[in-house]
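Undergrad: Quick one: the structure is below, questions incoming.
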Amino acid sequence: MVQSKKQKYLFLAFCLIPTFILFAIFTLYPLFSGLYYSFFDWSGSSQNKDFVGLANYIKLVKDAIIPNTIIHDYFLVATKVIGIMVMALFFAVALTQLKIKEAPFYRIVFFFPNIMSVVVIGILWTFIYNPNLGLVNSGLEFIGLESLAKPWLGDEDWALPSLVLPSVWAGIGLFMLLLMGGISNVSKSYYEAAELDGASEWQQFWKVTLPLIWPQVKISILYIVITTLNGSFIIVQVMTGGGPNNATHVMGSYLYQQAFVQYNFGYGATIGVMILIISLLTVLILQFIMRRDKVEY
Amino acid sequence: MKRSVGQILGRTGIRIPLILWSLAVLYPIFWMFLGAFKSNAEIYRNPWGFPESFSFDNFVTAWTNYNIDVSVFNSLIVTVVGAVLTLVLAIPTAYAIERINFRGSKILFTVYVSAMMIPMVLGWIPLFFLLSDLGLLDNIYGLAIVYAVSQLPFSIFVLTSFIGTIPRSLEESAAMDGMSPYKVLWKIITPLSMSGIITVTIMNAIQFWNEYFMALIFLNSSENYTLALAIDFISSEAQYTNAWGTLFAGLVIAIVPVIILYAIFQRRISKGMTEGAIKG
């Protein structure tokens, strides 16, 4: 291109600098000053901002609710990974391997909840779990199991497990499509060879499909883990607000409560640092566990 | 080839879970629509069946008593301003990263992309005070800026890959003809990456229309509520007023634009989202 160096740099500055300034102000600066705030006792007004060193971190370690929030988060991670992956894999194999005429219909329907607002999903499911009017209790009554009916979201033992179903419901479609993309790239000749060797469809799944779509499986699991650790608190906030009696608080909803309801902004930031560390560590460890040489036949 | 009885049975058997899950997805959504047309008394009597008569009372109540009209307008502004601003910020950066050689271009791209993995919840506390200092707290335009910046990493990521598919020869010959780089970006790159721009814009618009938590933190007064907050408010009120019909009307208002977009751009949306997920 015929242009002077100065012109090139001017154009480059035009392209990059305004965007980066806004990104720095609204993304980078808040993240780093979040780290900084975690060393202060701060209720929001500028007068009462005291440097307290590691006091917030000591409080964090001693806070009896914190271990529960971490356990709740990992409970959601584990149940969502299992629930979503098992069903998404099953649907993905069913829709690609078996020639089903109406497959596009299922694809379109299953994906739709992925673009619904968490608020809509949360409220819809709150009503499905409604003790008097909800579908779950009416259904149990209908099949004669009214003894199992309970106020699902108001029950300390059942509230957290009840949050899994809406999350799985809302998540399956995306991962099904991701896995379908992987399966459709597997060459037909592998299956023909497997069939000649007399492998059953079940063996074909374990020996051919799964190893060859391992990259997609890995990405799906990582994505579910990241989005759950970084965002599970949204559905918690909409459906239970962390209750009953803190039984459904996850790390993020506890941060929201500490910072924006009780105005402990310094402590809230400390919880935020914990979320950041836990989420990054989990991803690193998972990547290490799931590393597996690429399979090529 | 003749199919064995077992195969035919297997094929029917495989459909059962597929049909059941379709019902599990569609029935609650369908039922939400029906509920929006029922009176509260009927919701109590017959929560899961067809309405006896279709009435629009719930929509009228939501629209007038719960200021849904204002919320719809606010959500529209946040969505449109946010989506346009994201494009204005993301296209030039994506182009520069993809096509101009400069030191640090890889690092810059890595910084943007890795921001997709970071839990932003830590940043929301300082952001709250930053917006307050800038006078942008409880302000839908402030929220639109925050939204736009939050979707920058995703948008830059998708747009660089789209711009990468445009043949370089087009830019080179335009530059030979004396076209300035600004014009190349505006007249050649932007139209040629229109497909990517549309995908990114639809994804961002749906994201902004649906977003709840940042709106919850950064907006306070009810005249600034977006639709998500307004529905959440009706929902918490409904615990006491039992105004379920109004709540369903609100949910329907929130979901209809998303359904329309999905009906038109179904392929783009599902492709855009799976590609966004593969980034890792």
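Each Cβ is built from the backbone N, Cα and C atoms, and glycine gets one as well.
Sequence annotations record features per position, and here TrEMBL assigns domain 'ABC transmembrane type-1' to A:70-286. The transmembrane segment annotation in TrEMBL covers A:9-32, A:74-96, A:108-128, A:158-179, A:221-240, A:260-286.
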Undergrad: When you check the transmembrane segment (A:108-128) against the transmembrane segment (A:9-32), do you get at least 3 Cβ pairs under 8 Å, counting only pairs 6 or more apart in sequence?
TA: no
Undergrad: Which residues, given as numbers and ranges, are at least 6 beyond the ends of the transmembrane segment (A:74-96) yet have a Cβ under 8 Å from it?
TA: 103, 106-107, 110, 160-161, 163-164, 167-168, 171-172, 175-180, 183-184, 205, 209, 217, 220-221, 224-225, 228-229, 232, 250, 282
Undergrad: Restricting to the same chain and to residues at least six past its boundaries, which positions have a Cβ under 8 Å from a Cβ of the transmembrane segment (A:158-179)?
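TA: Distal contacts: 72, 75-76, 79-80, 83-85, 87-89, 91-92, 95, 107, 110-114, 116, 118, 121-122, 124-125, 129, 150, 152, 213, 216-217, 219-220, 223-224, 228, 232, 235-236, 239-240, 243-244, 247-248.
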